[in-house]
Amino acid sequence: MRIILLGPPGAGKGTQSERIVQRFGIPQLSTGDMLRAAVAAGTPVGLEAKAVMESGGLVSDRIVVGIVADRIEEPDARRGFILDGFPRTVAQAEALGEMLASKGLKLSAVIELKVDEAALIGRIENRAAETLARGQAVRKDDTPEVFKQRLEAYRTQTAPLSAYYAQKGMLQTVDGMQPIDKVTADLMAVLEPHAEAVAS
Ligand code: AMP
């Protein structure tokens, strides 16, 4: 089962991905998490990505496609995966298509979490407050100023992916403004028919 979860920053992709991981036992491949780990470890990729991430822009397709290509070769991704935050440009979507085709694999589902953009700033402020309350460090790009840049990057570079996958007849949408559990239930309803593929 190979799933792409689309949606703007703050739409709930991370939260919902965790639940999909629990239900289907496939790994969540979050390019944001992988890049943050590379930045923390000070690897060459991290050094190149750091400033772009802190400004709310997108890291180059070359870097991101490279880390995904390596990651999906890992044994735990053989039975499938959920991509969270990738692809983020049409070029990345095309690279992913080629990567999968070269292995004889196909995507099972592309699901977009539809949200009201005006509500997202409030969500991101909540996320920062909750993180602080847990005594954890807030992501540097979860400030309102940088968040607006991330939203802008989404609008111009990532939103066209909805049309890209819709044209291929692959796009399904879920209302991401509903309570978290209802969003999960709707996602599961889309994914359950593909569950058999997990066993293969
Ligand atoms: P996220 O955790 O998905 O919100 O990603 C955090 C940041 O990492 C983004 O604002 C980008 O700077 C970078 N990033 C994550 N995934 C990608 C991607 N697929 N393409 C380019 N940049 C990415």
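Every residue gets a Cβ built from N, Cα and C, even glycine.
TrEMBL: automatically predicted annotations, no manual curation.
A quick note: this is a predicted structure, and the numbers were derived from the prediction, not measured.
Around A11 (ATP binding site), taking its Cβ as the centre, 25 other Cβ atoms fall within 10 Å, counting all chains. The ATP binding site feature in TrEMBL is assigned to G10, A11, G12, K13, G14, T15, R127, Q178.
Spatially close to V59 (AMP binding site) yet at least six residues away along the chain are L35, E48, A49, V52, M53, judged by Cβ distances under 8 angstroms. A coil conformation is recorded for V59 (AMP binding site) in the three-state DSSP classification, outside any helix or strand. Here TrEMBL flags T31, R36, G57, L58, V59, G85, F86, P87, R88, Q92, R139, R150 as AMP binding site.
Mean pLDDT, taken over the region 'NMP' (30-59), works out to 95 on the 0 to 100 scale. Look at TrEMBL and you will find 30-59 tagged as region 'NMP'.
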_Can you tell me which parts of the same chain pack against the region 'NMP' (30-59), counting only residues 6+ beyond its ends and a CB-CB cutoff under 8 A?_
14, 17, 66-68, 71, 83-86, 88-89, 139-141, 146-150, 152-153, 157
*Give the distance between the Cα atoms of G14 (ATP binding site) and T31 (AMP binding site), rounded to the nearest whole Å.*
11
*asked:* Checking proximity to ligand 1 here: which binding-site residues out of G10, T31, V59, F86, Q178 have their Cβ closer than 6 Å to it?
replied: T31, V59, F86
